[in-house]
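Structure, as structure tokens:
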Amino acid sequence: MSGQAAGSNDTRQRAALEEYEQSGEGRPPFILTYAEAKLLGIAGVGFFLDAYDLFIINPVSTMLQYRLYPGGTMPANLQGLLKASANIGSVIGQFLFGYCADAFGRKAIYGKELMLIIIATILCISTPTGSLSPNGCIIYLTIFRILLGVGVGGDYPMSASVTSDRATIRKRGTMLAYIFANQGWGSFVGSLVTIIVLACYKHVMNDEDETSKVDGVWRIVIGLSLIPAFGTLYQRLTLPESTRYKKSQGVDVVEQDDLEKEKMGVKVGVHATESDLNVDRGASVPKKSHVLEVIKYFSEWRHLKILIGTCSCWFLLDVAFYGINLNTNVVLSEIGYAGKTGTPWEKLFKVATGNIIITALGFVPGYYVTVLTIEKLGRKTIQVMGFLMEALFLGILAGKFYSLSTAAFIINFTLLQFFFNFGANATTYCYPAEVFPTRYRAFAHGMSAACGKTGAIISALVFNSLTDKIGTPAVLWIFFGCSILGAACTFLLPEVAGRDPDAILEEELREQQ
């Protein structure tokens with residue numbers, strides 16, 4: 001009888017939740033309520049900072065070369081480590097924060113990753129270039145960029161799970177795609193800020209020939225990222241625990257449900273009363289070791305297969321995506337913004353201008369096509385299509401690398417960037433936040449993201465040396481192969497549009513009883 005009562009209780013809770021989900025049925029998913037827009041503002045900052053940092057490190061490393069090695073070059077091994085440092089930290093942060101968010105709760109952990117980002121950023125811009133040796137300065141900066149990466153990496157599973165926990169199922173993919181779109185704006189603003197700050201320093205650096213003043217430019221460019229970080233820190237630290245997470249832990253969610261509905265602008269009706277959402281107050285779930293729960297859950301092939309799918313797709317995507325976007329010198333040369341000639345200031349300004357052109361070329365638009373279509377087309381369709389279109393344009397660039405005209409090269413590169421972002425770059429982020437139940441969501445997302453960053457690190461460290469050995473076209477063919485393999489690995493995954501992983505987990509547990 002107790003099993004039947006529990007089943008009936010679950011059914012009533014599910015019915016109430018479904019009513020909640022359908023409350024905005026007449027509105028397109030991409031039209032947000034005030035509460036949803038506020039949540040996106042809180043959760044989207046991490047991705048903004050991730051992309052901002054990723055796309056300013058190239059010009060910052062060039063600035064440091066002018067400041068620390070005037071007339072010379074930064075040692076290649078130190079430069080490679082400096083550029084890879086944030087990604088190395090990200091892998092640590094994604095595993096660590098992903099596990100902790102599931103084990104200890106989102107509320108207990110959320111905001112701590114942003115505190116790490118703030119502390120690490122302050123330590124980075126305090127690099128004592130006047131008192132340490134040039135190599136010592138780079139090592140100092142690298143250490144704290146690893147710490148910065150831990151915070152940035154922690155934001156992946158935290159913001160994804162916080163958003164997915166709160167989103168209605170019919171708008172979940174759209175909400176996650178909106179958050180991921182901040183990556184495009186982070187890279188765009190990073191390029192724009194670099195241009196503006198360089199313009200402010202033109203007189204002293206270019207006209208008065210004081211190149212060492214570039215020391216101020218890179219500190220300001222990095223330091224400005226503190227503004228959005230401080231702007232959302234309080235909101236993150238005070239964000240309440242979500243109803244879905246509480247329910248996944250067997251906590252009484254009666255009062256919170258109605259409160260959360262009111263905050264989301266949903267009218268609380270007679271079907272969402274305490275009687276409908278009541279849980280057995282005497283039946284508290286005993287707390288088990290979360291490690292053992294995770295091992296048990298993923299020991300089943302049906303669950304492990306999905307995790308392999310999310311991890312492999314993200315890894316393969318990031319090998320190609322970061323291989324292209326961390327090494328844009330070929331593209332800058334094609335569009336005439338390589339910054340090979342002129343004064344140090346002119347070189348820096350030309351590269352910064354070229355970077356903002358690259359960002360505008362299909363980079364930002366692709367994200368918003370995903371936002372508009374993800375609920376209609378589905379994640380699986382967009383991901384397979386994205387991988388195959390990436391493969392097509394990578395194949396064209398690889399096969400015709402030396403014979404494409406400048407216009408044809410730019411068009412192909414633009415379309416490649418567009419289908420990265422209207423494709424697997426967005427959906428690999430959404431998938432683990434939607435396909436796994438709340439109880440294991442953050443861990444699975446963190447593990448998937450860490451595999452992606454591992455691909456990014458490999459690409460960043462190997463691209464230049466591999467290009468010197470086998471040539472750029474051959475490297476592009478490797479990226480082509482990664483894209484084809486990514487499309488194949490996507491078939492390990494189910495479509496998640498309209499899918500409630502918590503309901504599926506409940507059904508599986510019921511079958512095992």
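Count begins at 1; order follows the chain as displayed.
Using the three backbone atoms N, Cα and C, a Cβ is placed for every residue, glycine included.
What TrEMBL records for 1-10 is compositional bias 'Polar residues'.
Residues or ranges marked as domain 'Major facilitator superfamily (MFS) profile' by TrEMBL: 39-498.
For 1-22, the entry in TrEMBL reads region 'Disordered'.
The transmembrane segment annotation in TrEMBL covers 114-132 (among others).
The feature transmembrane segment is assigned by TrEMBL to 138-156 (among others).
Feature annotation from TrEMBL assigns transmembrane segment to 176-204 (among others). Sequence-distant contacts of the transmembrane segment (176-204) (same chain, at least 6 residues past either end, Cβ-Cβ under 8 Å): 30, 32, 40, 43-56, 59, 159-160, 163-164, 167, 210, 213-214, 216-217, 220-221, 224, 345, 348-349, 352-353, 355-356, 359-360, 363-364, 366-368, 370-371, 374, 421, 425-426, 429-430, 433-434.
Long-range contacts of the transmembrane segment (216-237) within the same chain, counting only residues at least 6 positions beyond its ends with a Cβ under 8 Å from a Cβ of the stretch, are 41-42, 45, 48-49, 52-53, 56, 59-60, 63-64, 67, 110-111, 114-115, 117-118, 121-122, 124-125, 190, 193-194, 197-198, 201, 205, 348. Taken from TrEMBL, the feature transmembrane segment applies to 216-237 (among others).
For the transmembrane segment (306-324), same-chain residues at least 6 beyond its ends with a Cβ under 8 Å from one of its own Cβ atoms are 87, 298, 383, 387, 390, 394, 416, 420, 424-425, 428-429, 431-432, 435-436, 444, 447-449, 451-456, 458-460, 463, 475, 478-479, 482-483, 485-486, 489-490, 492-494. Per TrEMBL, the feature transmembrane segment maps to 306-324 (among others).
Among the features that TrEMBL reports, transmembrane segment is placed at 352-372 (among others).
Sequence annotations record features per position, and here TrEMBL assigns transmembrane segment to 384-403 (among others).
Positions annotated as transmembrane segment by TrEMBL: 443-463 (among others). Non-local neighbours of the transmembrane segment (443-463) in the same chain are 80, 83-84, 87-88, 90-91, 94-99, 101-102, 153, 156-157, 160-161, 294, 307, 310-312, 314-323, 326-327, 428-429, 431-433, 436, 475; each lies 6+ residues outside the stretch with a CB under 8 Å from one of its CB atoms.
Annotation source TrEMBL lists transmembrane segment at 475-493 (among others). For the transmembrane segment (475-493), same-chain residues at least 6 beyond its ends with a Cβ under 8 Å from one of its own Cβ atoms are 305-306, 308-310, 312-313, 316-317, 319-320, 323-324, 379-380, 383-384, 387-388, 390-391, 394-395, 397-398, 401, 424, 431, 435, 463, 466-467.
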Within the same chain, the residues 6 or more beyond the ends of the transmembrane segment (352-372) and with Cβ under 8 Å of it are 30, 55, 58-59, 174, 177-178, 180-181, 183-185, 187-188, 191-192, 194-195, 198, 328, 331-332, 335-339, 382, 410, 413-423, 425-427
If one takes Cβ-Cβ under 8 Å and requires six or more residues beyond its ends, the residues near the transmembrane segment (114-132) are 45-46, 49, 67-68, 93, 140-141, 144-145, 147-148, 150-152, 154-155, 215, 219, 222-223, 225-226, 229-230, 232-233, 236
The average per-residue pLDDT within the domain 'Major facilitator superfamily (MFS) profile' (39-498) comes out at 85
